[in-house]
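A.B. asks: Sharing a structure below in structure tokens format, with a few things to ask.
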Amino acid sequence: MVAPHLWLRAETKPLEERSALTPRTAKILADAGFQITIERSSQRAFKDKEFERLGFPMVPEGSWRHAPKDAYIIGLKELPENDNSPLKHTHIQFAHCYKNQEGWREVLSRFPAGNGLLYDLEFLQDDNGRRVAAFGYHAGFAGSAISCLVWAHQLLHPNKQFPAIRPFPNEKSLVRHVARQVRLALKKNNNQYPRILVIGALGRCGTGACDLASKIGIPFDNILRWDINETKKGGPFTEITESDIFVNCIYLSMPIPKFCTVESLNVPNRKLRVVCDVSCDTTNPNNPIPIYNVNTTFDHPTVEVKGVTTPPPLEVISIDHLPTLLPRESSEAFSEALIPSLLALKDVDNAPVWVRAKKLYETMVQKL
């Protein structure tokens, strides 16, 4: 049996510092007989020298296009923009084209056009239907952190745009920074901590959002933990307007009643200042938070909700790669969880996780 060849491509999405493989997990695979090739990257949280030190061959950024046909091209976010050329390789990545997202046909059609194959990381599942690896915890953690920073900024710097934000070296430094800003803002809020409503609180993402809130000192009773039992009555929910911060952590798999609308938020005595849509189903027609229509970025983290004229200010965070706020820790956790599935590439035609992923790809291609 020929050892699988994994080719780690450099991410090209602006400010994306995460990596599908880390030096540690790449070595685990190499020790198991895999051939590993690493593209150089100026923005990856793990420096080139960390891979070089372990003896991995390094190749120029973007050279995956010329990789051997049998190499698996592994990455995280979308391929470079403004390129619709056919794809001849097998790609392992988050493609965001299986849930009717805007432009999904253009993204997906590149794979069959070049006789390539897509294994979408979002849909790698175990025998129980649970994702084998996900960034959910760190997405919720980061979304909650930025939400608290935006809340504090509104109180400390009224009428000033929330500034660009950059990744933190580790969780400890992020928690320390957010806690300090919230403490400063308390003086402008009658020493009252914000009330945070987390919907999807029982999942990995929601757990991360609640953990951040707890770690920065927000009292337990100020963190409303909602899940399916609380939302099954159907929205819009007045509890959202009565909270200072709303963090949406659900996994959207079917149409559901709206959690909130511009109309439901445009009411007197609204407390809500910040909405973080961690789920970020911006272009999904079933988005339960239809109060914005653009993805925000680390350079411009928030967007105002148009049509809401009552005070206080209301901003949405809709960054679609929140875990890169903690790129090293989130990458290590994700990559470690992915290792058993990657090891199964040695028997890719029979390993259930890959057989299911290929079948799903073929089903989606039939819809083109």
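Cβ coordinates come from backbone N, Cα and C, glycine included.
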A.B. asks: Out of Gln101, Gln154, Gln161, which is the one Swiss-Prot records at the L-saccharopine site of Arg18, Lys77, Arg131, Phe135, Ser279, Cys280, Asp281?
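C.D. replies: Within the candidate list, Swiss-Prot flags Gln101.
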A.B. asks: If Swiss-Prot says Arg130, Gly203, Arg204, Asp227, Thr231, Val278, Ile319, Asp320, His321, Leu322 bind NAD(+), which of Tyr98, Tyr251, Tyr292, Tyr361 does it name for the same site?
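C.D. replies: Record check against Swiss-Prot: NAD(+) site with Arg130, Gly203, Arg204, Asp227, Thr231, Val278, Ile319, Asp320, His321, Leu322, extra candidate from Tyr98, Tyr251, Tyr292, Tyr361 is Tyr251.
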A.B. asks: From the list Cys205, Cys210, Cys276, which cysteine is recorded by Swiss-Prot as disulfide-linked to Cys249?
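C.D. replies: If we follow Swiss-Prot, the cysteine bonded to Cys249 turns out to be Cys205.
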A.B. asks: Cα-Cα, whole number of Å: Ser85 (phosphoserine) versus Arg18 (L-saccharopine binding site)?
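C.D. replies: The Cα atom of Ser85 (phosphoserine) is 25 Å away from the Cα atom of Arg18 (L-saccharopine binding site).
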A.B. asks: In whole Å, how far is Leu322 (NAD(+) binding site) from Ser279 (L-saccharopine binding site) when you measure between their Cα atoms?
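C.D. replies: Distance (Cα to Cα, whole Å): 10 Å.
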A.B. asks: Near Phe135 (L-saccharopine binding site), which of the recorded positions Lys77, Arg204, Thr231, Cys249, Asp320, Leu322 can be found within 10 Å, Cα to Cα?
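C.D. replies: For Phe135 (L-saccharopine binding site), the recorded positions whose Cα atoms are within 10 Å come to Arg204, Leu322.
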A.B. asks: What's the CA-CA gap between Arg204 (NAD(+) binding site) and His96 (active site, proton donor) in angstrom, rounded?
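C.D. replies: Between the alpha carbons of Arg204 (NAD(+) binding site) and His96 (active site, proton donor) there are 19 Å.
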A.B. asks: State the Cα to Cα distance, in Å, between Gln101 (L-saccharopine binding site) and Asp320 (NAD(+) binding site), rounded to an integer.
C.D. replies: 13
A.B. asks: Looking at the recorded positions Lys77, Arg130, Cys205, Cys249, Cys280, which ones sit with their CA no more than 10 Å from the CA of His96 (active site, proton donor)?
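C.D. replies: Passing the 10 Å Cα cut: Lys77.
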